[in-house]
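According to Swiss-Prot, the features are:
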type	residues	note
TOPO_DOM	1-132	topological domain 'Cytoplasmic'
REGION	83-107	region 'Disordered'
TRANSMEM	133-153	transmembrane segment
TOPO_DOM	154-204	topological domain 'Lumenal, vesicle'
MOD_RES	186	3'-nitrotyrosine
TRANSMEM	205-225	transmembrane segment
TOPO_DOM	226-265	topological domain 'Cytoplasmic'
TRANSMEM	266-286	transmembrane segment
TOPO_DOM	287-305	topological domain 'Lumenal, vesicle'
TRANSMEM	306-326	transmembrane segment
TOPO_DOM	327-341	topological domain 'Cytoplasmic'
TRANSMEM	342-362	transmembrane segment
TOPO_DOM	363-383	topological domain 'Lumenal, vesicle'
TRANSMEM	384-404	transmembrane segment
TOPO_DOM	405-438	topological domain 'Cytoplasmic'
TRANSMEM	439-459	transmembrane segment
TRANSMEM	462-482	transmembrane segment
TOPO_DOM	483-489	topological domain 'Cytoplasmic'
TRANSMEM	490-510	transmembrane segment
TOPO_DOM	511-525	topological domain 'Lumenal, vesicle'
């Protein structure tokens, strides 16, 4: 009897030891300690299988314990971390069917939020990358020539690729090998990359970049409104700064916005109006096709001003900020890649044609905003439509910037820097309204003192556009999915990071130099 008892105890101990070793080996294998030989790789695969069986057995034991009323009532409940495979941050992954649960939280809203089709998602991306900032692309061709045209194509390819890899960073494989969505935003991806040492550093960096880009976008809308109105009515005794003040007075009610329902009704009309404007400009350019100056398109570049063109082109493609939210709200997320391909192909073709045709028409006389080159009668009509579009587009980035600021700095809790902007009944507090008004006034002051559309666009594209579209997505992709990437994917990510970094620094420096030079010229005048 004693021999039988010792034999059973020995078998149990051996089984427990083997399972523990298998579990630890499986965890080490998944953490990145790759095998050096084929035999070791097979061994790790067996360890993974044993690890899976071990966890499945634990889960079955728990289910049996819950279903048996006469079991050990005093037994201690298992810790959740023991029955869920933990990776990276230490938090258990959601179950395989929890994609909607992850997508339904965070910035996506609740489950009752209606999903959008691939066509609607493509329309949103088109609105972002086919906006009125294409008006500065002919100015980029002025300083870049044929290389500027190549960059329009290259930027489309790279931004499409980085958008896809950014979405790939939202997903991971669970213990069953199923790909599930474990993150819901750009900030969540950044925090995951900086965990565990600095779990919030990445999110703060992304938030700062988002705020800068959104606020600069608002400033550009005010700048272009003042510029267009001033050039539309040069006979009126109203300066560009005065037109900017008038535009800001119209925009001041944006401070009272609680949601974008009222503004969203005009988005389709604004987009259609913009396409009509582009068609009018291209039609006028085609009417002067016999005078096109093909010899003016250069194969060489202006070394000092070409980096500004890079920033302008990159800024016209920025859409990465809202791609995680957009993909999370799609009815068929599997169609995201196809949607990105077609939207960026269309944007590349339309931008390239618009920039080339406009530059061929006016050559060296091309201005920062191409509509300023149109004859007076046509320019006034087109510019009024563009000003209306700019004013109606302003609330979108403004509201997004306010939301980022409120979530980052003005939330109730111990981590918040300031108290919440809203009272308990959901009403906006007076000082919160004051801060919103101050943000509108800040965009006005920047537009007054730096009224240079193309230079500001190049500065923003070099500073935050390249960071959010090139640098961070490639860096996050390498950090989170390193073990699963093929060699050519690693090469693409590293190349994009290096090239993007060089273009970002050079573009920022030269845009800043251009602004300083323009400011000195205005001061002398």
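Just so it is clear, glycine is given a Cβ too, placed from its N, Cα and C backbone atoms.
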List of residues, in chain order, with Cβ under 8 A from that of residue 186 (3'-nitrotyrosine) and at least 6 apart: 166, 206, 210, 320, 321, 324, 468
Stretch of maximal Cβ-Cβ contact with the transmembrane segment (439-459) [cut-off: under 8 Å; candidates 205-225, 266-286, 384-404]: 205-225
Positions whose Cβ lies under 8 angstroms from the transmembrane segment (205-225), at least six residues beyond its ends: 132-133, 135, 186-187, 190, 243-244, 247-248, 251, 318, 321, 369, 386-387, 390-391, 393-394, 397-398, 400-401, 404-405, 408, 439, 442-444, 446-447, 450-453, 456-457, 459-460, 463-465, 467-468, 472
Confidence summary for the topological domain 'Cytoplasmic' (226-265), mean pLDDT rounded: 83
Residue numbers, six or more beyond the limits of the topological domain 'Lumenal, vesicle' (363-383), whose CB comes under 8 Å of its CB atoms: 135-139, 141-142, 224, 227-229, 231-233, 277, 280-281, 284, 293, 296, 452-455
Residue 186 (3'-nitrotyrosine): secondary structure state under DSSP, collapsed to three categories: helix
Secondary structure content of the topological domain 'Lumenal, vesicle' (154-204), with strand meaning DSSP E or B: 28 helix, 6 strand, 17 coil
